[in-house]
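Here's what TrEMBL has on this protein:
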- 4-140: domain 'UspA' (DOMAIN)
- 151-283: domain 'UspA' (DOMAIN)
């Protein structure tokens, strides 16, 4: 199993390495740190300006990878790779689906850093991946520090159809990593929502979650606990902020129903959840 890690010279590159190392400690995966360079202009003369520029860019990429590999803990196996592509997104997607290496289990990237520490900000790279990837994408919040391992998986569940693939994969990860699974349902009643409506929606969410807890418990090995939690608020952001999260947990969210099959598409609701989360998240492609 391998994870493709998008690496660059900025802090978000280190955030990605820290998250990937934490995940690898839980799963045993190896890391492929990938630095994507611009596609080289073709040239037929070894002393041409284009050739010299391409060589300089490649040397810079090697230095980036050396810096990134130096940040990987000794107990995690990692390699560095340079890729040429028209965009960083294209380069990472190509690396993750390389037929010679086999499809990666995850693409791991950092977040845009014009947000406060512990929060998410989508730059062009993460935004493009979260609307096109065939591979699950793990996103590290700004300033993420490496942990010993993931200690809990929280899976966002909804009452609408279409979450089965995410739910099944959450069960698989909890079994593989031998960590507790928490099922998270969010109730947003809107401004001016009545207390009666809030109680009724919360009751339905709790009832739905209880059924999924039973299903997950039956599927998981003995000793892997399954719990549920319902967050309430005027908005999804408020509902998330009401809940407690461990520093070393990760949240799984699914793709929008607008996503093409086997593709990832971060929908409006998942975007709101992401803005309020203080921990890393994995966005899963549609089943």
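Each residue, glycine too, has its Cβ placed from N, Cα and C.
Fair warning: this is a prediction, and the values are worked out from it, not measured in the lab.
Here the domain 'UspA' (4-140) has a mean pLDDT of 88 out of 100.
The DSSP breakdown of the domain 'UspA' (151-283), given as helix, strand and coil counts, is 54 helix, 30 strand, 49 coil.
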